[in-house]
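**Student:** Here's a structure for you.
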Amino acid sequence: MDLKHSRSVKLNDGNLMPVLGFGTFASKEIPKSKAAEATKVAIDVGFRHIDAAYFYQNEEEVGQALRDKMADGTVKREDLFYTTKIWITFLRPELVRQCLERSLKKLGLDYVDLCIIHIPIAMKPGEELLPKDANGKFIFDTVDIRDTWEALEKCKDAGLSKSIGVSNFNHKQLELILNKPRLKYKPTCNQVECHPYLNQSKLLEFCKSKDIVLVAYSALGSHRDSSWVSSDSPYLLEDPVLMTIAKKHNQTPGQVALRYQLQRGVVVLAKSFNEKRIKENFQVFDFELTPEDMKTIDSLNRNFRYSQMAFALDHPDYPFLEEY
């Protein structure tokens, strides 16, 4: 599945997903109003796939932006592809729908296009996003992710989400779901960190073999939020190899990093709250990387993960100890 000439990809449930998405995560110091402004700019420049989550705590602002853009005639609801995610404190099957309904209420929407399990590591239910005990230790929960999946299938049947999928799953966790008895719907996608320093080639191959779309987050490297990312992480967009290829094509290194994913058959998310860069990030359909460029970018892989999710390292379901 080469997304070179295509603006959307058909998921295994028949629904279409735009191959280029706009990410709405913002670190704490960025005012929430920025998410609304940036989402409007993104829709104005052509983005139709909006990636959000309960955890991001800005769905009211993003939802307002969507409704404003529908009200002014820029888009209709059916033109948009909106993703939300079930947070890790809602993975008990009886809580899944509640999390999705909270998102829908904040958004002011009747349904989302895609709802995915954010991370396959359950934490203690409650209002705290990352619950800790009195000693500052994270409080884990024990949930069979297959039960969570069944609850998500019911949300699809209820019309709350058109498609369902997962995020941050390794291939063994995907197999758990694919091989479960009475599986009603396969995951349509697995959204993972993916960029030239962590190109996920084995996981991509596995997902393609199962007709699951790989969706790339942190495709431009990563935000520098110190609670998630180490301050000495390399700056992907300053990589001399990417800069050379970008110069050759008269593009930015960011555009090359996004184009690279599309040509591998990966749906790619681009996050920026800067108007100029939001525009640039959408301009990836009018140039093509050569097979040599692709090989060269492949060779940058060093299995470097910006977001280790270190808070969950001791969790029995921590996904990143597997090779893929």
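The backbone N, Cα and C atoms fix where each Cβ goes, and this holds for glycine too.
Not my notes, these are from Swiss-Prot:
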| type | residues | note |
| --- | --- | --- |
| ACT_SITE | Tyr56 | active site, proton donor |
| BINDING | 24-26, Asp51, 167-168, Gln191, 217-225, 269-281 | NADP(+) binding site |
| BINDING | His118 | substrate binding site |
| SITE | Lys85 | site 'Lowers pKa of active site Tyr' |
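So that I understand the layout, could you describe where these features sit and how close they are to other parts?
**Tutor:** In this structure, Tyr56 (active site, proton donor) is part of a helix by DSSP.
Cβ neighbour count for Ser218 (NADP(+) binding site): 23 (other Cβ atoms within 10 Å of its Cβ, all protein chains included).
Take the CB of His118 (substrate binding site) and look out to 10 A: across all protein chains shown you find 21 other CB atoms.
Under DSSP, Lys85 (site 'Lowers pKa of active site Tyr') is assigned to a strand (E or B) in the three-state scheme.
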**Student:** Tell me, in order along the sequence, which binding-site residues from Thr24, His118, Ser167, Leu269, Arg277, Asn281 have their CA within 10 Å of Tyr56 (active site, proton donor).
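**Tutor:** Of Thr24, His118, Ser167, Leu269, Arg277, Asn281, within range: Thr24.
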**Student:** Roughly how many Å lie between the Cα atoms of Ser222 (NADP(+) binding site) and Lys85 (site 'Lowers pKa of active site Tyr'), rounded to a whole value?
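**Tutor:** So the alpha carbons of Ser222 (NADP(+) binding site) and Lys85 (site 'Lowers pKa of active site Tyr') sit roughly 19 Å from each other.
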**Student:** Count the other Cβ atoms sitting within 10 Å of the Cβ of Arg277 (NADP(+) binding site), across every protein chain shown.
**Tutor:** 18
**Student:** Roughly how many Å lie between the Cα atoms of Phe273 (NADP(+) binding site) and Lys85 (site 'Lowers pKa of active site Tyr'), rounded to a whole value?
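**Tutor:** Roughly 21 Å, rounded to the nearest whole number.
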**Student:** Between the Cα atoms of Leu269 (NADP(+) binding site) and His118 (substrate binding site), what distance do you get, rounded to the nearest Å?
**Tutor:** 15
